[in-house]
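K.L.:
If you scroll down you'll find the structure; I have some questions about it.
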């Protein structure tokens, strides 16, 4: 308004002064609105600040609050799903409501609730301001709605008789029913807590004696009903120790998976989030009936290792084609077997593939007992690997170079597709040029997607390790700035940097929080495996 009046000022005379008055009045009005405890909404999401936060807590029994930053890309990506979830809950007349706080503007609230990353979601129950719950669900519309629904009402449906129980048990592919003789007891309460967290599964609960009899149960038991494999899996409640929330969650997750999973776009998230320490993989060409028949022996071996080893079939010409390079394989290598230790991505291979259930079981047991060495990938060294300023290492040559007692070796572990690796490549080349005539310093790199080392596991790219000269096979991880001068300072100081006062970098909006990459990705300076 002031700008528009400035254009007209010379023609209107005193109108410019009136414009300033109007602008001042608008400013006062805005300040009054901010100071008010009135709660406005945007797309059914409550807009909260320090003056209306207490009112929101008093008016809404269940309030999920997103603390966001306007500049945060992850917050912007979450916004449509968050608004849609708020609308769905509102349309259901749910007591659960969604709100949001601009944490860069409402710094007092951000400090009060310990906000260090964006977006952060916290649930406030029954007006309790001091102990909000951290949101643990998926950050999409369905995940948010289900998570809130479980907390708005009973997390498990009460089943009164055999008809309702039978209908509930067959209502979906996976259903959990807890049978408890006392629904107010500790075991039942733990069950309700698990149900509140595992929002992707329907949970029912029963205490009627006729239901215990109908399902041939004599004591408190949690039952998982499935439309595949063994159809029903029972988890009896230990009469002395009761139910453990973490253990019950783990058991339900493990047994919710098929005995043998097929690796597809739909199942990949289940497979990798199952928290099963080993994966046994059968690579085959599904267009070959001969190779398909190998699944029989594979499945026969699976039940013995349930919970310890996840059995997965990978179609080398289907969705699984994209993972072949991770194993150094091509479709022509099928059929073949690999066992992967998920903790460190170590891969194990039979000396000669044998697909009988006995052979598979024997091989797995030998790996679990530490009797089989991992199969390590290694590319062939380029002919000019040691004539370039940056020495090119592969699995076969790494030991002799990195642990040369006469050299200080600085190695970059990278992935060809890693944008952060590509960004620092010129600095690494310049560093190598600077030290190419130093006999005691070697600047090297290794493609960690094509080469593996027995005692070094690379979790993200780029990873920089320094191997100092001398005995003892020492290794130092470099974690500082990725520029030539800092690299040089590190090398000249024998693999250390002088201690300097910490620099506090402020984010836009005078905050110090960072983006939370759990929404749709990561914007940190290293690409994770």
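A Cβ is built for glycine as well, from the same backbone N, Cα and C atoms used for every other residue.
Just lifted these from TrEMBL, have a look:
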DOMAIN    3-153  domain 'Thioredoxin'
DISULFID  72-75  disulfide bond
DOMAIN    367-496  domain 'Thioredoxin'
DISULFID  418-421  disulfide bond
REGION    493-529  region 'Disordered'
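Could you place these features in context, so I can see how deep they sit and what lies close by?
P.N.:
Confidence annotation: the domain 'Thioredoxin' (3-153) carries a mean pLDDT of 82 in the model.
Residue 418 (disulfide bond) counts 17 other C-beta atoms within 10 Å of its own C-beta, drawing on all protein chains shown.
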K.L.:
Residue counts in helix (H, G, I), strand (E, B) and coil for the domain 'Thioredoxin' (367-496), per DSSP?
P.N.:
36 helix, 27 strand, 67 coil
K.L.:
Reported as an integer number of Å, what is the Cα distance between residue 421 (disulfide bond) and residue 75 (disulfide bond)?
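P.N.:
So the alpha carbons of residue 421 (disulfide bond) and residue 75 (disulfide bond) sit roughly 26 Å from each other.
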K.L.:
Quick one: pull the CA-CA distance for residue 418 (disulfide bond) versus residue 75 (disulfide bond), whole Å only.
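P.N.:
Rounded to the nearest whole number, the Cα-Cα distance is 24 Å.
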